[in-house]
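Notes to accompany the following structure.
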Amino acid sequence: MNKILEVENLVFKYEKESDVNQLNGVSFSITKGEWVSIIGQNGSGKSTTARLIDGLFEEFEGIVKIDGERLTAENVWNLRRKIGMVFQNPDNQFVGATVEDDVAFGMENQGIPREEMIKRVDEALLAVNMLDFKTREPARLSGGQKQRVAVAGIIALRPEIIILDESTSMLDPTGRSEIMRVIHEIKDKYHLTVLSITHDLDEAASSDRILVMRAGEIIKEAAPSELFATSEDMVEIGLDVPFSSNLMKDLRTNGFDLPEKYLSEDELVELLADKLG
């Protein structure tokens with residue numbers, strides 16, 4: 001299978017003189033078209049890993065390969081074109097006076113012809129349902145709308161990989177759901193690979209695969225159905241349990257005949273509707 005991202009034995013510390021490593025031998029790979037989430041407690045190394053992949057830190061031990069090519073100081077700018085990163089706070093990403101200016105900014109830096117930029121701006125804003133807002137000032141948008149524009153700015157650049165670095169953590173539940181729906185849609189439309197750094201276990205549950213980090217190391221790798229199947233495993237890792245897992249446990253205690261495997265909220269609602277219908 002085509003591995004679009006390979007990470008081998010990453011070791012990193014923020015200060016050279018420090019005895020503490022933020023990452024200790026992190027290794028994993030992602031196949032083209034996969035959605036992989038990294039979860040873990042604060043300080044576990046999730047965001048540090050994502051930023052190393054995006055070439056934001058120069059000095060580290062180990063290997064990062066993007067689409068088969070090893071990341072180096074010499075090729076970082078070329079390889080970074082294959083990656084789009086959406087950060088936690090959309091306000092920190094805005095540079096344009098209007099929504100369309102902001103989406104066009106990255107393309108201007110890449111020297112994309114004006115006619116092509118105009119076409120891509122409209123296509124990207126349409127994909128995130130923000131085309132009607134293209135002449136608005138970003139400051140007048142809601143949090144969810146701002147994050148949609150940030151996503152539009154990324155997909156206009158035509159990356160192969162999107163990295164979501166806690167990109168929904170500042171949104172309310174409705175805004176969070178809308179952004180995740182939009183990203184799933186554009187992933188399928190543009191055949192993208194997604195690496196999601198998240199605290200939201202319900203968000204991670206929609207991934208193909210989950211990596212669990214603790215103290216700079218990957219301590220577990222599994223499909224959501226396996227990882228979330230037992231609440232005891234999640235507690236041992238030091239993480240919360242998804243709402244649907246807790247609800248299923250309570251329902252079983254009260255006599256409901258439910259499968260032992262993990263079900264997402266939507267899957268559980270569908271199952272209960274069938275049983276009670």
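Just so you know, glycine gets a Cβ as well, placed from its N, Cα and C.
Take the CB of Glu166 (active site, proton acceptor) and look out to 10 A: across all protein chains shown you find 18 other CB atoms. Glu166 (active site, proton acceptor) falls outside any helix or strand according to DSSP and counts as coil. Taken from Swiss-Prot, the feature active site, proton acceptor applies to Glu166, supported by sequence analysis.
Secondary structure at Gly45 (ATP binding site), as computed by DSSP, is coil. Here Swiss-Prot flags Gly40, Gln41, Asn42, Gly43, Ser44, Gly45, Lys46, Ser47 as ATP binding site.
Per Swiss-Prot, the feature domain 'ABC transporter' maps to 5-240.
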- Surrounding the recorded ATP site, with Cβ no more than 8 Å from the Cβ centroid of Gly40, Gln41, Asn42, Gly43, Ser44, Gly45, Lys46, Ser47 and those residues left out, we find Thr48, Met213, Arg214
- Message: Over the span of the domain 'ABC transporter' (5-240), how high is the average pLDDT in this prediction?
- Response: 89
- Do me a favour and check the Cα-Cα span between Glu166 (active site, proton acceptor) and Ser47 (ATP binding site); whole Å is fine. 8
- Message: Given a 10 Å Cβ-Cβ cut-off, pick out the one of the binding-site residues Gln41, Asn42, Ser44, Ser47 that has the most other Cβ atoms nearby.
- Response: Ser44
- Site with most surrounding Cβ atoms, counting all protein chains shown within 10 Å, from the binding-site residues Gly40, Gly43: Gly40
